[in-house]
């Protein structure tokens, strides 16, 4: 019995040669996906002098911790940017989850008279938008978000696509009978949502929450648009600014001693790479444990109700 | 009781639900619908007024289609449209072929643990921001320190000024886009392959079909609906470029604009550097309207093909 089972499994499997081929292709591609991060990690541990003579190397001539020492010693900007990013990510994700969870729940309820209207109200924004310029003008002139920390939070808070995903999730994972039983017990709508629906929809909320966390952590676009105040610059945007000011100095004032000293005040190659590592580190360490929620969200999104 | 009374009564009976949608509805009002209304700037000569947004709009003079005429009389309109559509077209075709192929390869690997490790590796780029990817690309393409020029040096070739030679960038941008996107989309296809009924393969094996025949006769046909839908949805978005890819990765290098300028970067630069509000809004509206038509058309085709998978 066991023997025939094993045999049929063998037959189902790829032959040895093809299996090696498949492993090679997938393995090489997977390696290429991870390699640039490893490369930057190596550069960040390279000695600045050996980097200046040899360029970026996979196996540097001399290793060094100097870059990290520099980053942590002069790390005011990095620390502040970390603070901004963490604040924006935490507060943004909480706001975003609350707003989206409530909206999606209401439009998932068949007893809600205006559910079609509000579904469409959200959905239409996926089809048509006013474009960047009017959005920018509204945000700066009506909402006065310029140089405010909220400029990094509100624009990403709501997303019609997440509402659609969560609505699908509610309607498949929260049975109507439970809502009915709550009603018969005389619970208010908010109580039903809080006591009965939320516990059942935790996996869905986790998915949306993680999408939202990733979106806030990786955001640089809103900072590019709205933030000039150096105290409010998030991590990704700070990395971008270092790059831009560096290029600016290099292009605009060659061989003047002033520009040389300006250039030296900016972090060196290795330190910049160390900052990249520190900005990406949390994600790289965390995502293997959370990836199944992302896969779940992607597949719900692709195969909707 | 009149219509108003009935309406008020409906509001009262639905008040809990209405309260729940309220925060989101306000958000949509300010971040989506007010900007949609604001697109009338495209038909005006925009003048900033101290009395606020609405005053600015109403006090600006109507100019009809002048902004559009001006936009389309320049060569820019052609270049940004061409770049946006062509790049997206290449990304869609290559992305589809490669991610389906990778998903099938992953699903066939005998050691499932290893397959999971590969999948985790491929998924990494999805989690990184374009700023970070920009740094990664720079570590390869930097003129004096980058790995590419070192490799060229081993073969005795001259180093290349990557960030000022436009001819290389269509290939570079395509590679970077695929690198970042394939892991993500192959995961979606892999999930679909896992959902295929195993008895189909068993029946095929009894009939003596080999692996290749099984893939051709079962896996690919079963993936076809998902492939069609994802492709049509991508075509619906073909007028929207990934701003980060075209802005961060080439480091906003001016000499590369002929091959890196897309509608989104053009609009951004119009807003932030040249400040031609009217014409830039016109370019944005042009993108939104054509994009809308494309989404509606592709959705119409999806509906015809498979009603369940249409967007609406």
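Cβ atoms here come from the backbone N, Cα and C positions, even for glycine.
Feature annotation from TrEMBL assigns domain 'ABC transmembrane type-1' to A:82-279.
Same-chain neighbours of the transmembrane segment (A:20-45): 14, 51, 56-60, 63-65, 67-68, 269-271, 273-274, 276-277, 280, 284, counting only residues six or more beyond its ends whose CB sits under 8 Å from a CB of the stretch. Residues annotated as transmembrane segment in TrEMBL: A:20-45 (among others).
Residues or ranges marked as transmembrane segment by TrEMBL: A:82-105 (among others).
Here TrEMBL flags A:117-137 (among others) as transmembrane segment.
Long-range contacts of the transmembrane segment (A:149-171) within the same chain: residues 84, 87-88, 91-92, 95-96, 99-101, 103-105, 107-108, 119, 122-123, 125-126, 135, 139, 143, 197, 201, 203-205, 207-208, 211-212, 215-216, 219, 222-223, 225-227, 232, 234, 297, 300-301, 304-305, each at least 6 residues beyond the stretch ends and with a Cβ under 8 Å from a Cβ of the stretch. The transmembrane segment annotation in TrEMBL covers A:149-171 (among others).
Residues or ranges marked as transmembrane segment in TrEMBL: A:192-217 (among others).
Annotated transmembrane segment per TrEMBL: A:273-290 (among others), in sequence order.
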(message) Quick test of the contact rule: Cβ under 8 Å, at least six residues beyond the ends. What residues does that give for the transmembrane segment (A:192-217)?
(response) 85, 88-89, 92-93, 96-97, 100-102, 105, 152-153, 156, 162, 165-166, 169-170, 173-174, 178-179, 182-183, 235-236, 282-283, 290, 293-294, 296-297, 300
(message) With Cβ-Cβ distances below 8 Å as the criterion, list the same-chain residues six or more beyond the ends of the transmembrane segment (A:117-137) that contact it, or say none.
(response) 103, 106-107, 155, 160-161, 163-164, 167, 225
